[in-house]
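Following: one structure in structure tokens, then a few remarks.
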There are 4 protein chains.
Amino acid sequence: MALIVDKTTTGREYKVKDMSQADFGRLELELAEVEMPGLISCRTEFGPSQPFKGARITGSLHMTIQTAVLIETLTALGAEVRWCSCNIFSTQDHAAAAIARDSAAVFAWKGETLQEYWWCTERALDWGPGGGPDLIVDDGGDATLLIHEGVKAEEEYEKTDNAEFQIVLTIIRDGLKGDPKKYHKMKERLVGVSEETTTGVKRLYQMQANGTLLFPAINVNDSVTKSKFDNLYGCRHSLPDGLMRATDVMIAGKVAVICGYGDVGKGCAAAMKQAGARVIVTEIDPICALQALMEGLQVLTLEDVVSEADIFCTTTGNKDIIMVDHMRKMKNNAIVCNIGHFDNEIDMHGLETFPGVKRITIKPQTDRWVFPDTKSGVIVLAEGRLMNLGCATGHPSFVMSCSFTNQVIAQLELWNERSSGKYEKKVYVLPKHLDEKVAALHLGKLGAKLTKLTKDQSDYISIPVEGPYKPAHYRY
Amino acid sequence: MALIVDKTTTGREYKVKDMSQADFGRLELELAEVEMPGLISCRTEFGPSQPFKGARITGSLHMTIQTAVLIETLTALGAEVRWCSCNIFSTQDHAAAAIARDSAAVFAWKGETLQEYWWCTERALDWGPGGGPDLIVDDGGDATLLIHEGVKAEEEYEKTDNAEFQIVLTIIRDGLKGDPKKYHKMKERLVGVSEETTTGVKRLYQMQANGTLLFPAINVNDSVTKSKFDNLYGCRHSLPDGLMRATDVMIAGKVAVICGYGDVGKGCAAAMKQAGARVIVTEIDPICALQALMEGLQVLTLEDVVSEADIFCTTTGNKDIIMVDHMRKMKNNAIVCNIGHFDNEIDMHGLETFPGVKRITIKPQTDRWVFPDTKSGVIVLAEGRLMNLGCATGHPSFVMSCSFTNQVIAQLELWNERSSGKYEKKVYVLPKHLDEKVAALHLGKLGAKLTKLTKDQSDYISIPVEGPYKPAHYRY
Amino acid sequence: MALIVDKTTTGREYKVKDMSQADFGRLELELAEVEMPGLISCRTEFGPSQPFKGARITGSLHMTIQTAVLIETLTALGAEVRWCSCNIFSTQDHAAAAIARDSAAVFAWKGETLQEYWWCTERALDWGPGGGPDLIVDDGGDATLLIHEGVKAEEEYEKTDNAEFQIVLTIIRDGLKGDPKKYHKMKERLVGVSEETTTGVKRLYQMQANGTLLFPAINVNDSVTKSKFDNLYGCRHSLPDGLMRATDVMIAGKVAVICGYGDVGKGCAAAMKQAGARVIVTEIDPICALQALMEGLQVLTLEDVVSEADIFCTTTGNKDIIMVDHMRKMKNNAIVCNIGHFDNEIDMHGLETFPGVKRITIKPQTDRWVFPDTKSGVIVLAEGRLMNLGCATGHPSFVMSCSFTNQVIAQLELWNERSSGKYEKKVYVLPKHLDEKVAALHLGKLGAKLTKLTKDQSDYISIPVEGPYKPAHYRY
Amino acid sequence: MALIVDKTTTGREYKVKDMSQADFGRLELELAEVEMPGLISCRTEFGPSQPFKGARITGSLHMTIQTAVLIETLTALGAEVRWCSCNIFSTQDHAAAAIARDSAAVFAWKGETLQEYWWCTERALDWGPGGGPDLIVDDGGDATLLIHEGVKAEEEYEKTDNAEFQIVLTIIRDGLKGDPKKYHKMKERLVGVSEETTTGVKRLYQMQANGTLLFPAINVNDSVTKSKFDNLYGCRHSLPDGLMRATDVMIAGKVAVICGYGDVGKGCAAAMKQAGARVIVTEIDPICALQALMEGLQVLTLEDVVSEADIFCTTTGNKDIIMVDHMRKMKNNAIVCNIGHFDNEIDMHGLETFPGVKRITIKPQTDRWVFPDTKSGVIVLAEGRLMNLGCATGHPSFVMSCSFTNQVIAQLELWNERSSGKYEKKVYVLPKHLDEKVAALHLGKLGAKLTKLTKDQSDYISIPVEGPYKPAHYRY
């Protein structure tokens with residue numbers, strides 16, 4: 001796509017695939033609202049006081065239907081919003097169209113190139129001459145990264161062999177031609193960021209440890225109502241969804257290897273087991289390995305099982321998990337996918353550059369790669385990127401309502417405390433009573449009724465009647 | 001679509017949606033072959049002797065990728081084939097295109113009108129002046145029905161209020177203008193039919209009981225490797241698949257009502273339970289009800305739960321299960337779908353004619369129907385027809401390989417015995433040793449190893465070393 | 001125990017372990033009654049008319065608390081009853097005491113020798129000079145066997161190497177000294193037998209095939225409400241129960257091998273999987289093997305896994321499944337048990353006679369057998385006999401209520417039709433409407449509500465409103 | 001039992017039920033050792049250096065077979081040990097006998113009165129004139145409590161209405177007659193305590209907060225390998241075990257109410273669901289409630305379901321959960337039990353003092369309580385105390401090996417650092433690398449193989465190759 005910004009009749013900027021899908025997007029958005037009670041409650045509770053009045057929010061987060069409900073919650077609370085996706089395949093084009101038409105500046109489409117991806121990120125951060133956003137909603141940390149790298153842009157960096165990262169530098173360099181203080185201005189204005197996912201949070205803690213973090217950050221990922229819900233139950237839903245849409249393969253009877261048994265891996269393993277697969281887990285952490293065993297799963301190394309399994313899914317958050325040499329040993333038409341992190345969990349580079357390898361695209365996001373010697377092929381989903389977003393529609397609305405309600409609450413907290421000095425240039429988690437509130441907002445939809453502590457019981461266990469109910473270290 | 005028959009360059013007739021999808025269909029067909037070891041084994045075992053040489057086979061069965069592998073197995077064994085779908089929404093257009101281009105005469109597309117549907121059925125049965133097919137592969141019994149009704153066409157029928165059935169009569173009447181003995185000729189030529197599903201089998205047994213069955217029939221549905229696999233494990237896979245593609249709704253935490261707890265209902269209930277829903281079953285049969293209870297499911301009537309459940313799925317094979325009055329009492333955006341039988345399990349007629357009701361099509365096969373008084377809506381999938389075929393791609397290849405291997409074996413049996421008098425105008429099931437063979441053909445793909453009886457053990461339990469291993473009444 | 005018959009103050013004969021346990025037995029009996037709605041309904045429905053008035057019933061069936069409720073249902077309907085157990089370890093002594101004191105002649109205790117076992121069986125069949133019983137309730141067929149062998153006793157038998165069978169012959173020979181026509185008289189009087197279990201039923205069908213069956217038999221085992229409930233759900237409950245009581249071993253994380261995947265094996269595999277074990281199945285039948293695969297279980301041969309598994313359980317109904325050579329290759333303290341059939345599923349003879357083997361009795365029914373060379377041992381439960389009865393208390397009351405209500409109905413049917421000629425010397429199953437009735441009697445206790453067919457629906461599917469709802473071949 | 005201390009031939013003190021069960025205990029102990037690889041590894045790794053040489057350890061922890069392996073691990077490392085149980089019903093008398101005969105001073109038997117219980121605790125703490133123990137292994141905190149209360153004994157306490165607590169005061173008073181500085185001496189000598197369970201840990205944190213904690217404490221309960229294993233998987237195993245041994249009731253088909261959905265509640269709910277029950281959860285915490293919903297469980301209040309459920313189990317750690325007024329509304333023979341905390345989760349006092357209530361003891365630990373007006377009864381297990389220990393044998397060896405390996409490591413840490421000043425009078429948790437070590441010691445037994453990070457991967461995610469692998473706040 002030509003990288004030219006479009007404008008709505010009201011003058012709002014956007015760049016999406018097909019504006020004619022806006023009506024379809026609106027219909028699905030309306031369905032999603034019914035499934036996202038936490039966000040709708042935020043509109044009801046906070047909308048009247050317009051707490052985000054005057055706030056500019058930039059989001060870098062999969063531009064899906066669920067995110068659309070988040071965006072319109074932010075705008076319902078008074079914010080102005082600019083948005084991009086945090087993954088080249090994760091945008092739902094009808095969602096992007098509906099938001100671009102009705103609510104916020106969107107720069108996102110399904111199937112961006114890496115150049116396009118960073119262009120979109122840069123567009124979402126660019127609020128014009130007056131500087132950047134007040135707040136960032138981040139997922140994976142790319143918006144945050146761009147600002148931090150921008151600020152460092154005058155310095156000499158050492159050569160990097162990360163192809164994707166080179167693009168960031170180019171984007172920054174081009175921007176600096178226009179305003180050599182662009183990112184410094186952005187940094188000055190920024191109140192803070194709320195970060196959504198494990199990988200982005202890890203980056204933030206590293207910056208905090210290095211003393212390079214430029215603004216306060218709220219780690220939304222480690223809210224219980226995020227990591228133990230979205231990561232776990234979201235993936236339990238969306239892994240089979242992605243597998244079925246991409247390949248129609250029968251899961252029952254197959255051997256599925258789940259690499260990593262963290263929250264995401266637990267959700268994936270549960271989904272595969274429940275669908276009738278035999279599940280084998282690979283792990284580096286003995287505690288997680290022992291958890292897998294207690295659920296009846298086998299724990300082995302990838303090498304042990306590479307030639308007998310049918311489905312391989314990475315969830316580790318690390319790189320170099322499934323290498324091209326593994327793929328060469330797999331059964332014909334073994335399925336290889338990633339639901340954890342970046343596309344480097346799978347050795348896509350090794351696969352793409354393997355001499356004589358042949359790529360047969362069955363349909364978008366579903367490729368069969370055939371090795372020249374064996375004529376045997378593996379089926380790689382979403383080019384090694386997040387398969388639930390590339391091949392299906394990501395996590396369902398209800399669980400995303402939990403995650404996004406945390407986001408809204410974190411954004412409110414940062415904004416309300418922008419002048420109080422409460423938050424330093426550190427990483428924070430939300431207090432437990434807000435975590436519990438997020439959960440409470442989702443119970444009614446599912447017909448649940450909570451029990452109330454009596455005063456006497458409250459005294460007996462020294463826990464307030466209204467909570468919080470657990471100590472900080474509680475693991476759920 | 002204009003109902004004009006197209007022809008390939010080799011002169012084979014067809015009518016499909018889009019021939020340019022043939023390459024895509026071929027790629028998915030090749031993937032499916034790897035998942036359908038039973039059919040591929042038939043090609044290996046029987047292909048060289050060309051047992052179907054000279055046989056004309058008409059099929060009326062969902063024109064999916066899996067069916068395409070069945071069709072090409074029949075042609076690999078020497079048959080000529082003409083095909084239509086047995087459901088207006090179940091055709092996968094790329095599958096139809098690939099077969100039309102490469103292998104057989106196909107008349108099918110996704111989204112036929114009822115008129116088009118019966119036109120296609122009639123085309124599939126019409127082999128030109130020389131009469132009809134030698135064999136029928138049927139699913140639901142519509143090809144068989146058309147012949148039986150055709151034969152009866154001179155008689156006066158009583159008035160019927162079944163809208164769909166009127167179309168059959170019109171089709172027949174039009175055909176009779178060309179050849180007033182058309183269906184009698186067809187009947188004369190026909191060697192037999194093999195029938196795939198519960199509803200069609202029920203029709204056959206009724207015709208047998210009435211003495212009106214015109215040719216032998218093999219009930220493939222009641223092979224164990226069909227009813228206890230396709231119906232059970234197929235639906236366990238394809239119900240959540242359809243729900244997710246159509247609505248993206250989170251299943252975990254929801255209340256799902258499964259109407260009927262036969263093989264299909266058992267698969268559906270298992271799928272919903274495993275996905276984290278709370279499942280309530282409705283049943284008329286106390287034995288099936290007690291089975292549901294033993295699995296921890298609640299057994300209630302639809303009236304008891306209509307206003308508190310989120311997902312309703314019919315699997316009964318009966319009519320009038322979910323009526324418009326039920327739908328009016330449901331929660332806003334409750335999902336209503338059918339995976340059992342015809343669209344009359346759900347009161348589509350009552351819904352469509354409800355005064356003031358508004359239909360909002362979210363996307364094809366996903367409609368929100370809003371009642372005028374409450375402004376509350378229900379989401380109906382696939383217009384009340386089989387949602388796994390309308391909203392997803394039907395059952396996965398592996399389990400269909402079991403069903404279709406039964407079909408191939410049944411067709412071979414009918415054809416090989418066409419002159420022996422072995423089969424009268426009755427309904428037969430395949431002998432157990434063939435049923436066991438179908439299963440055996442599918443074990444290797446899944447890495448299983450069977451234990452062998454010793455001679456001594458065989459004597460002890462009076463079961464042959466090579467099987468069959470179970471008495472006829474065994475329930476598995 | 002000295003084999004001397006005791007008498008109650010009212011003159012009824014018995015031989016039990018400890019009459020002082022009668023009160024305890026009565027208390028547990030009263031608990032069980034609440035869990036056995038089918039039997040209690042029989043008392044309510046049939047008790048007033050005393051249909052068994054004048055009938056003598058002999059039972060050979062595990063003398064447990066649940067059986068006690070069966071016995072008192074038979075007596076509540078007017079029968080006189082004599083009872084023995086059908087397994088040397090399965091008697092619950094407090095149940096035997098309560099019945100002996102209050103209701104019927106009982107000859108049973110936990111831990112009988114084989115001599116004592118057959119003595120008890122003979123006592124239960126001996127109604128004094130006037131001949132034997134009118135009806136037999138049988139489980140495994142030993143009471144039926146004794147009569148058949150008795151009738152053959154004048155003939156010359158070929159030598160048998162079955163140690164247990166020699167005892168039968170001795171018992172018979174001793175009896176013949178008193179009355180050389182004893183078993184012929186018994187045969188003359190006998191109205192019929194209802195048989196409870198797979199093994200006994202197999203014997204009956206063999207006798208029917210050989211033309212040697214001496215009286216009518218009703219196969220209760222193949223009632224759906226028996227084989228698909230007691231065998232499946234009963235074992236799902238009682239396998240872990242037996243394992244836990246005998247060994248306290250943690251099941252989670254272990255590898256469990258289930259030999260055989262029939263109804264019993266399905267229940268056992270489900271139980272082990274649910275408890276967190278990794279389950280491997282061995283099978284001879286490809287259909288059952290494919291069912292196991294669809295549930296995510298691995299199917300291999302015993303040889304493949306003998307050295308890596310922790311728990312082995314036989315459910316085959318065949319002999320020579322786990323041989324002493326297998327046991328020598330197992331891990332130290334591997335658990336070996338049988339829940340299927342006789343103790344010959346496990347090669348107890350080979351184990352007992354293995355040179356240098358050492359038996360260490362941990363507690364009754366839990367033995368560690370140590371091989372002399374490896375010093376490694378296996379733990380064998382219940383001496384290879386049914387471990388759920390030997391190490392725990394058998395199946396729970398609720399599921400036995402299903403089985404035993406079938407027994408009562410079968411006994412009533414035989415008795416009511418004793419003069420009508422309806423039943424020949426063949427094996428019969430109960431008609432489906434009675435099977436459905438048994439299920440229906442158990443729904444209320446679990447809070448279930450059935451849906452009723454409308455007349456219109458009934459016509460549509462040609463099934464009576466009141467059932468039966470399924471064809472005979474239906475598999476559930 | 002008369003409270004007179006016995007002595008072995010070697011002069012070691014003890015008080016147990018029946019010394020003749022020592023051989024039986026030893027056999028079961030040997031079985032358990034095979035299942036407890038963590039403890040055996042400690043013996044192998046630390047035994048040679050005798051790190052506990054000179055250390056006196058007092059334990060107050062359920063005197064079961066598993067605890068016996070813990071005790072003999074402590075003695076194998078050089079400690080002298082005195083032991084009592086921390087629950088009046090939890091002792092396994094054969095385990096106590098084996099330890100008393102062979103290894104340590106034991107004061108424990110199944111079915112102690114409260115007087116006896118505290119006498120045993122006092123005996124275990126009394127090491128003669130030279131003061132008390134160096135270290136305490138505690139479960140529930142009663143040994144720690146006794147010392148703290150002892151130290152306070154000169155002060156005037158306010159009147160308490162806790163019947164059990166009065167006994168503590170009496171015990172202390174009696175002891176003070178002999179040595180008025182007894183507890184001060186004990187306190188002086190004590191190096192520290194390691195505490196096993198939630199309730200005891202809560203007491204410790206309260207004392208820390210109040211500044212009244214007299215010595216360092218290690219909170220073993222919150223090791224991941226304790227709370228997420230013993231509490232969760234242990235209860236998943238032992239709840240059904242206790243139910244089956246106590247009542248033989250069929251769990252399938254029943255409605256089970258689990259009060260509380262923490263780690264214990266999660267294990268209990270999973271066990272009931274897997275056994276085929278329909279599970280309803282009560283919760284005060286919205287996050288835990290939402291977790292239950294995601295697993296398909298219903299969340300309601302006790303009042304909503306009290307009259308329709310069959311099994312009630314408390315796991316809250318709070319008091320007054322099931323009151324006598326609830327029990328009066330339950331179905332006849334509803335089962336009421338506690339697996340969480342003290343017997344005050346169930347209103348035993350209200351039940352015992354209800355006018356006209358009748359207690360019928362079916363067998364020890366299984367009582368039917370009948371209300372006078374309705375003649376309806378509830379079955380209360382283990383008199384409201386921990387039913388898995390009262391009615392079964394507690395958690396299985398393997399999971400206890402995880403917990404107890406934490407105990408051994410904590411004891412080693414306290415002892416090794418006794419002079420270093422590392423530990424103040426505060427509550428500590430074990431560092432993560434030790435937690436991971438405990439897990440690692442249990443993998444081999446289950447056949448698992450860990451994956452190793454490469455150096456490159458380790459750098460990429462900034463996690464050492466050898467771990468620890470997770471941040472402190474990780475929830476598993």
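Using N, Cα and C of the backbone, Cβ positions are placed for all residues, glycine too.
Per TrEMBL, the feature substrate binding site maps to B:T64, B:D139, B:E196, B:K226, B:D230. The NAD(+) binding site feature in TrEMBL is assigned to B:197-199, B:262-267, B:E283, B:339-341, B:N388, B:H395. As annotated by TrEMBL, domain 'S-adenosyl-L-homocysteine hydrolase NAD binding' applies to B:231-394.
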Residue among binding-site residues B:D139, B:E196, B:K226 with Cα closest to the Cα of B:G267 (NAD(+) binding site): B:K226
Integer Cα-Cα distance in angstrom, B:G265 (NAD(+) binding site) to B:D139 (substrate binding site): 19
Farthest-apart CA atoms of B:T64, B:D139, B:E196, B:K226, B:D230, residues recorded for substrate, distance in Å: 17
Distance, B:D263 (NAD(+) binding site) to B:T64 (substrate binding site) (CA atoms, angstrom): 22
Spatial neighbour of B:K226 (substrate binding site) that is closest, considering only the binding-site residues B:T199, B:I339, B:H341 and their CA atoms: B:T199
Which same-chain residues, if any, lie at least 6 apart from B:T199 (NAD(+) binding site) yet have Cβ under 8 Å of it: B:G140, B:G141, B:G317, B:H341, B:F342
Those binding-site residues listed as B:K226, B:H341, and which of them has the most Cβ atoms within 10 Å of its own Cβ: B:K226
Number of Cβ atoms other than its own within 10 Å, given for B:D139 (substrate binding site): 25
Of B:E196, B:D263 (the binding-site residues), the residue whose Cβ has the fewest other Cβ atoms within 10 Å: B:D263
For B:H395 (NAD(+) binding site): intrachain residues, at least 6 apart, with Cβ closer than 8 Å: B:Q66, B:D230, B:G234, B:C235, B:H237, B:S238, B:N388, B:S403
B:D139 (substrate binding site) as reference: those binding-site residues from B:T197, B:D263, B:I339 with C-alpha within 10 Å of it: B:T197
Cα separation, B:D263 (NAD(+) binding site) to B:E196 (substrate binding site) (Å, whole number): 14
The domain 'S-adenosyl-L-homocysteine hydrolase NAD binding' (B:231-394) [mean pLDDT, rounded to integer]: 97
Neighbouring C-beta atoms (10 Å sphere around the C-beta of B:G267 (NAD(+) binding site)): 26
Cβ neighbour count (within 10 Å, all chains shown) around B:G265 (NAD(+) binding site): 28
Conformational class of B:T199 (NAD(+) binding site) under the three-state DSSP mapping: helix
Reduced DSSP assignment, B:D230 (substrate binding site): helix
For B:T197 (NAD(+) binding site), the number of other Cβ atoms found within 10 Å of its own Cβ: 24
Secondary-structure category, per DSSP, in which B:G267 (NAD(+) binding site) falls: helix
